[in-house]
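Asks: This structure is in structure tokens; I'll ask about it shortly.
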């Protein structure tokens, strides 16, 4: 791996060398400061002032050059606009072709400028990180806050890219107008933006700008929930073509359908699990074991599916479908066999078919960068929709009759419906799925277990510039002397040893939010029937309504709130709201417990947990060590295991609390949620200032 100083030199654009960040100078100055610190001969205030001035000077140099280049590009666009105006009167084909190529040349120059800014921004981020590491300061946080939020901020100019959107718009409009459409010119403002034919250079510019700014929008916020790597921008048409060759739309849809069906399968039994348990002679609170047994199996299936997806996508999806088909048949037949063991075995078998790791991996590896964020958002949307549809479908299955000796009722129908669903999916998969052809590089990466799709590298803004400066070394470029690429963790024990305190806190938060959500969802049927006399249909409507809040809440947070506050601020606020929701859920002895109290507290808890999940995964991706971005035991798998373990613990808590009686169930299960939530808030505050390192 090339060290960063050499990379900064080799990647410089010829003729622009003097305008690049002087990384070597500031690195040497940091070394001097470090030596002075060891000798005890340094003034902290003088060091900070001196280093701030050096940074300001270097950033000013970059900004002024960037503004100069933007002016040159604008002047060229103005000149090309005059030529285009002449061609509107006399549309000569040769001149139109030449003009189109000139516009494309401007686009390529804009890409060069964006890459210039990207390399310099990376240099600024690295020197700030080096300064903090060597001197033990938290200088980066101060520098970013003071510079990015100031009205005269030059740091803001580097990352906000004022004018870039206007240039992209001008290029899009003019290239679109120059396309031959049977002699007519169509204006881009008269068309749906998604229907406008785009020149490849426009996609390249937008992708490069997105990579640099990492601007927050609804799709990006949703994509963060998916733990899917968004990747870098292909530098050449050949790389783009390789990505396009691996992409198959129907195969992507099949992966999304698998995600949807699995989430439906998980939650379709929630409204009736307690009734099914009592019909088999068990306590109603055994519903926790019934629901949680699927999560127990998923603890193991996540590992082997993560490893299996290194070699194939079709075979694990095929195996998943067959296992889920059999598991649901066993779940449905348990009623006539009067066997709780068969029911639990069926749910365990369903959990063994959890192929979400494959679904994520396919999107990461086989979907082109230009639509990967949309695919990631679709993955999250499919999960949310499945979560809402599961209970809703269960509410519709209110029948009771027999077909020969097979009982069809509200308890068994979820199994039969899902079995038919997986059978149909299996046939569709067999007919339509196309296994991507792996090249040599892909095969080598797969042999090494590079599970690139299992950890998210999405970012959101810290003020205007801070997030890009403060994100982790996702590209894995070392600032030390040349060293081999960091190896993936060979075992879960080694992966655990790589976890920093910040990562452990984020995993604790993920465990906490999944625990709280599972307690709320899994015991809802028992609690509402005990306190309010709700039937299965009422519980199904309630759970479906909760599930349907996911997308609108994410839309609000991803579009507005995340642009107004830092991730860590939203994190703490969401934890506080979740704590309030859990506290509000308690039944105070001697008082009436109303449906309004339960619904309001449940809504507060569920919405806070949903917001918290996206922000938590965003921060987790920033603090995750580089070695955990690859291999079977990657950061994405660890976070998935933490969430699954939380679900198992929550469902086990419900079953154990059932021994205290249904009257004590609510408070007994909420108490662990309250304690874990309080502990996570304390842990978050203790690592608050390290969430960007």
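Cβ atoms are placed via backbone N, Cα and C, with glycine included.
Feature list, courtesy of TrEMBL:
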type: DOMAIN; residues: 2-145; note: domain 'SPX'
type: TRANSMEM; residues: 249-270; note: transmembrane segment
type: TRANSMEM; residues: 282-305; note: transmembrane segment
type: TRANSMEM; residues: 317-334; note: transmembrane segment
type: TRANSMEM; residues: 340-358; note: transmembrane segment
type: TRANSMEM; residues: 379-401; note: transmembrane segment
type: TRANSMEM; residues: 413-431; note: transmembrane segment
type: TRANSMEM; residues: 538-558; note: transmembrane segment
type: TRANSMEM; residues: 570-589; note: transmembrane segment
type: TRANSMEM; residues: 664-688; note: transmembrane segment
Asks: With Cβ distances under 8 Å as the criterion, find the stretch in 249-270, 317-334, 379-401, 538-558, 570-589 that has the most pairs with the transmembrane segment (282-305).
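Replies: Answer, by Cβ pair count: 249-270.
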Asks: Is it the case that the transmembrane segment (413-431) and the transmembrane segment (570-589) touch, counting contact as three or more CB pairs under 8 Å in which the residues of each pair are 6 or more positions apart?
Replies: no
Asks: Pairs 6 or more apart in sequence, C-beta under 8 angstroms, 3 or more of them: is that satisfied by the transmembrane segment (249-270) and the transmembrane segment (379-401)?
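Replies: Checked: the transmembrane segment (249-270) vs the transmembrane segment (379-401), in contact.
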Asks: Six or more residues beyond either end and a Cβ under 8 Å away: which residues meet both conditions relative to the transmembrane segment (340-358)?
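Replies: For the transmembrane segment (340-358), the sequence-distant neighbours (Cβ-Cβ under 8 Å, at least 6 residues beyond its ends) are 255, 258-259, 262, 265, 269, 276-277, 280-282, 286, 289-291, 293-298, 300-302, 305-306, 308-309, 313, 316-317, 319-324, 326-334, 415, 451, 454, 637, 640.
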Asks: Let me spell it out: take the transmembrane segment (664-688), skip the flanking residues so only those 6+ beyond its ends count, and list any with a Cβ under 8 Å from a Cβ in it.
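Replies: Sequence-distant neighbours of the transmembrane segment (664-688): 285, 501-502, 505, 508-509, 511-512, 515-516, 519, 523, 526-527, 530-531, 568, 571-572, 575-576, 578-579, 582-583, 585-587, 593, 650, 653-654, 657-658.
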Asks: When DSSP states are grouped into helix, strand and coil, how many residues of the domain 'SPX' (2-145) land in each?
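Replies: Split by secondary structure, the domain 'SPX' (2-145) comes out as 123 helix, 0 strand, 21 coil.
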Asks: Which sequence-distant residues neighbour the transmembrane segment (570-589)? Criterion: at least 6 residues beyond either end, Cβ under 8 Å.
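Replies: Beyond its ends, the transmembrane segment (570-589) has Cβ neighbours at 509, 512-513, 516, 520, 531, 557, 561-562, 597-598, 600-609, 611-612, 615-616, 619, 666-667, 670, 673-674, 677-678, 680-681, 684-685, 688, 691.
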Asks: Restricting to the domain 'SPX' (2-145), what is the model's mean pLDDT?
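Replies: Summarising the domain 'SPX' (2-145) by its mean pLDDT gives 80.
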